[in-house]
Amino acid sequence: MVKFSIEKKTILGRLGKIDSWGPVDVNHATPSCMTYLRAGHIPHLTWDVAENQLKLSQTPIYQMTLPSLISNAKIIEKFGKGVAKFVGMGALESPAIHLSPFDPLGKLPSGYNDSKSIAIWTANGKVSLDVKTYRNTVNSFGCGSFETLVDYDLPRDAGHKKLLKAVDRTTTFNEQIFKQDEKIDGERIVALGGGFSKYHRRKCAVDIGLAENTAAYTVEFHEFVEGMETDEMEMKELLEETFSPLPPTKLRCISGPFNPKTVLFLVQQGIDLFDSSFAIKLAEEGHAFCLADDYPTSSKYEVVDFKDQEKFADDFTPVFDGCGCYTCTKYTKGYLQHLLNTKELLASILLVIHNMSEYDRMFKLIRKSLENSEGL
């Protein structure tokens, strides 16, 4: 089970703790984030580097993303020992793993879902994922939890007919995957959709969110990630409509590369668990970020582009003063810029280590702020 408890409610958000994730004891405080994996690894890091140089503040909950592994699904099933051992996580001590059918950094083009399947996008193109295939994949991967299928194809201009069809599809997928005569392993994290419509957000929540044995909820919000829709009032209203008919004690998750400002806002709306894809996205763009000294009192943060040759070529100061991560204690701005411009693999490794460390520190600061806030 996903054993979650709310320890404190404030106007700034919910302070909670995840005691177990599936069969694994984690003792993981929230708000926090899952550790985003691509092809079963933190992008650009080997497991040896991750264990020795990436010092996270809590026992990780790993987000295993399906698009990078779906082509190996039959091989993993034949392998018979689960996805963790297949991708080399066997050396980790009882990792807590969540299976997501989508990659938060992947594309989700419109127009490819149908009544029998959801389109996911891999390096080789579109794969249509139906319920039977997904159930078999969930069972063979052996993760502690899995996310249910949701029809995400609801752009802002979607009409009532399209919205209703998408919600009905999501409901049907849920009914089919949990058929009584079909076995499925792992805790269910119910994915809630509905696009930009408050009515359909609530309808989806009522139709599938009240089912028994629901371990947690995740909100489909890919239209609101950085660079796309960011209307905070609209986000607030959609989340209120989604969660108001649901049990308030369940864990609430969201997936996507949300920046520190948006994370702080979503925490205030009651979201408990995010993912670390924002840190990876920045690193793959040659960027590093640093929170303002007064975060989260203010939501400010700085993003530095280390591809800027003129600015950093002769700068031999630490990457970020005061940061205790491996990157900032061992390397300089000038050297990092040199690595990026010569396309050295070490550049991405160092940026991922720093950004992951800073994203982890961000949640630690948010939790400390909630601890010091007046309870409701």
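The backbone N, Cα and C atoms fix where each Cβ goes, glycine too.
Over in Swiss-Prot, the protein carries these features:
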type	residues	note
BINDING	C323, C325, C328, H354	Zn(2+) binding site
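What Swiss-Prot annotates, mapped onto the structure for a quick look.
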residue: C323; record: Zn(2+) binding site; DSSP (3 states): coil
residue: C328; record: Zn(2+) binding site; DSSP (3 states): helix
residue: H354; record: Zn(2+) binding site; DSSP (3 states): helix
For C325 (Zn(2+) binding site), what is the tally of other C-beta atoms lying within 10 angstroms of its C-beta?
21
For C323 (Zn(2+) binding site), just count the other CB atoms lying within 10 A of its CB, please.
18
For the binding-site residues C328, H354, work out the Cβ neighbour count at 10 Å and name the residue with the minimum.
C328
Other than C323, C325, C328, H354, which residues of the same chain sit close to Zn(2+)? List them in sequence order, counting a residue when its Cβ is within 8 Å of the Cβ centroid of the site.
P318, V319, F320, G324, Y326, T327, T329, I353, S357, E358
